[in-house]
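**Student:** The disulfide bond annotation in TrEMBL covers 4-82, 6-110. Residues or ranges marked as Zn(2+) binding site in TrEMBL: 4.
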């Protein structure tokens, strides 16, 4: 059996490596069963798909080419695969991740909730870092 294993990564490095950070409200949560005949990597495991409103996009890299962030966020259903399947409808979270090749917002336990402590404090810290930390790997817009 696999287990979710996360290495410690300092906050500022997580900030720099994230392609997007957003304060979201979960509108809907849908479990999607795996489809073994699909070639889409997100269909090969059971997933949770969250329909969200982006209340405040705190960071968005140029990889999005000035497009809006998608309103669907995907995570594995199983915690052993580092899934964040316990997020609740109508609750708000600060979520983050990298953007994958197919423009899907895919979150995992290791980095997805990194800044979800005190939301006001986290938002202020992220806005300050947007202005002061020169992230070499991530272009912020």
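Just so you know, glycine gets a Cβ as well, placed from its N, Cα and C.
Note that TrEMBL annotation is computational and uncurated.
Quick caveat, the model's predicted, so the values are computed rather than measured.
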**Student:** List nothing but the one residue from 4, 6, 82, 110 whose Cβ has the fewest other Cβ atoms within 10 Å; the candidates are the disulfide-bonded residues.
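**Tutor:** Ranked by other Cβ atoms within 10 Å, the disulfide-bonded residues 4, 6, 82, 110 bottom out at 6.
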**Student:** Can you tell me the CA-to-CA distance separating residue 6 (disulfide bond) and residue 82 (disulfide bond), as a whole number of Å?
**Tutor:** 9
**Student:** Fill in the CA-CA distance, residue 82 (disulfide bond) to residue 110 (disulfide bond), as an integer in Å.
**Tutor:** 7
**Student:** Between residue 110 (disulfide bond) and residue 4 (disulfide bond), what C-alpha distance do you get in Å?
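**Tutor:** Residue 110 (disulfide bond) and residue 4 (disulfide bond) have their Cα atoms 8 Å apart.
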